């Protein structure tokens, strides 16, 4: 073995392809004696290791028994190319394979053309050289060939002395013929002892065989000497290879140690933190799941507790939430496999309990004393019952109330007769048992007093039924409104998702506020952000939310509206449809009519019972007049209640139709100035004359008047859109209804205020919020659109005091408090108008900031910057001057001028131009004078005080 010396990491091969061993220039050091490797390695320790082999740490120390194949087999392996790739892929995976190295971009691609000049230059010399080689062979080659030939001939001659039998492949001494030919048997067959001749013959044979052996050994030694150089070269290469393998082993051990330290310091800690975080998350999920299971486990006791206090809605909500949790969060839990069926049975039981409880409530409410106030008995309990019945789709509960109502009407007559008979001593109830007979026995004054008591009792009875049905109707309307709101939110969510999917304009905020000037006026960017402010909130974690819902449903047994509002969202899928709810509302109204009919029927039976013996025919005229007046009063009172209820339905339908019509008009409005037909001008003139009514249609004259460009109101011109003209007609329709039905004035005022609020908010969304870009398809919102919207709002504000004064004449003094709605509406409209003005100023402000930031004080004058500013100001004035009155135009341009002075003052301070009488100040004065002249040349701005002295910094 050669000594282990340092070698170069990248040795260079010699001319014969063998890598020579490089010597260390340092003095030779004795290698320390190494102990032999342990052939019986110790058992691995119990340290925790991964399932995959580590390439960083050495698991077990290598021994001679760790080798799976010897070196010659590895070097002569025919599958060597495949083995090289297997060496890496077996540890680091199939992806760790040799890849093609891309050629360097900095090295040129050498082709044969690069060597063309050299080959042409050396071609002649190469031909001469080749010709000389064929003529004159190499002397060394000749000597070597002759030497090898001589040695070969001499070796052949010596080998020919050896008998051919020794050279045969099948030579074997075991064969008798071979043995006899090599050792003749005659030398060992002589009878008697050995003679001297035999001894000599044996010696001769031995010498001959020894000579043959020497010849063969000499030939072998000669062959070995001829190949000694290659043999010793191979041995030295083997030693060199072993030295390099040992150095590589040490380098790999050092690299593994360093990598192990890196793994220990930089990898194990973060990985341990990741594993700990994952374990913590799993523990949190498990804890939440266990809490959820604990909450679900308490469902049945909580439901029983809620049922004991008649909290049916809370129990149904808890059952519904638990079912949802069982199907989503706790699906497959073995311990809850029967809970779903148990909850279904419990829900059926609650249905029966609610129906029975509603029947008991109706009976107790209708049969309570009529002397009490006609208020709803336990209103919260009734609301919970109605909502629970609606939630469970028990839509026949009104039939139960109708049956109880008929029984109660019969009981009222019986009770009134019994109370009247109790005060009449002449009637013996044991003899006269029937009610009709008892009434016929009474005198007319006694019977008439009884009849008035019956009328009064039935009026209280109807008031009580109306109040109860009103509560039921409000619950149904609340559910209907909730369904519509949920549907609108879903449609809005789907619309927002569609807008997110569609590509939008990619403009920055500064460009969004900047307006581009065209012949139509200043354009606001399409990318206004106001229309995108209604975003949906994020969804919380499902398991925690569900657990909290179960706990909230179990712990809180909220009553009345709270319970309904909480339960409505989760039970929306079980709620009746809008068609069914509208049918229930109609049935409630019909039930009130039915109650009035039942009252009339009972009163008719009282009259017919008295008239059987002809006593009514014997009445005097005064008595009959009293009877007739009492009956008419009762009929009128009952019919007024039905008429008021019908009027409420009419107001609701009337308002919804107008509001829907206004919404459609706004959604199709393109916010361009509309012509004013003559009939609308006449309508406005009639309002100015104090006639707040719809004028009757006039017959068409021989000449139809042409529409005008503006609407004249008290001498002022209003540029309007078509929607505002129709809005004026709509609120006149409200005033006309109040004139026709004064009793609905309060409801009409509330609905009209809602209509005006809707117009204000929707117009704000469409114009300021740029909603018209998507709704109508406008390319952009111009300054003309903004000014026109402002003028339309001003027209509505002008008519609000007129509407208020009209309604004030129709209301009672105690109802004047509802007029405050008009004050709030006026404030909202004025705020909206101020926002539009601020938006117009902001457009020019952003324009000034962009243009004046590039302003430089240098000739020629006036500068291009001021020319551009004046051009934009002229276009702004051209866009709004015909739409807004002169006073508003002046105020608007004063604010725009203040913004211009502020930005110019900042730019001059940035440039260092001061009011020092220098040449730079002179150039600025020329620009300012040009600006002032252009502003004064605009219509209605001739006498506007611009006060341009403020652009200079005050000297201290």
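Quick reminder: no glycine exception, Cβ is built from N, Cα and C everywhere.
TrEMBL lists region 'Disordered' at one of the ranges 493-533, 534-574, 575-615, namely 534-574. The range from 1-48, 49-96 that TrEMBL describes as region 'Disordered' is residues 1-48.
Confidence in the domain 'Vacuolar protein sorting-associated protein 54 N-terminal' (207-354), given as mean pLDDT, stands at 87. As a summary of secondary structure, the domain 'Vacuolar protein sorting-associated protein 54 C-terminal' (716-845) carries 109 helix, 5 strand, 16 coil according to DSSP.
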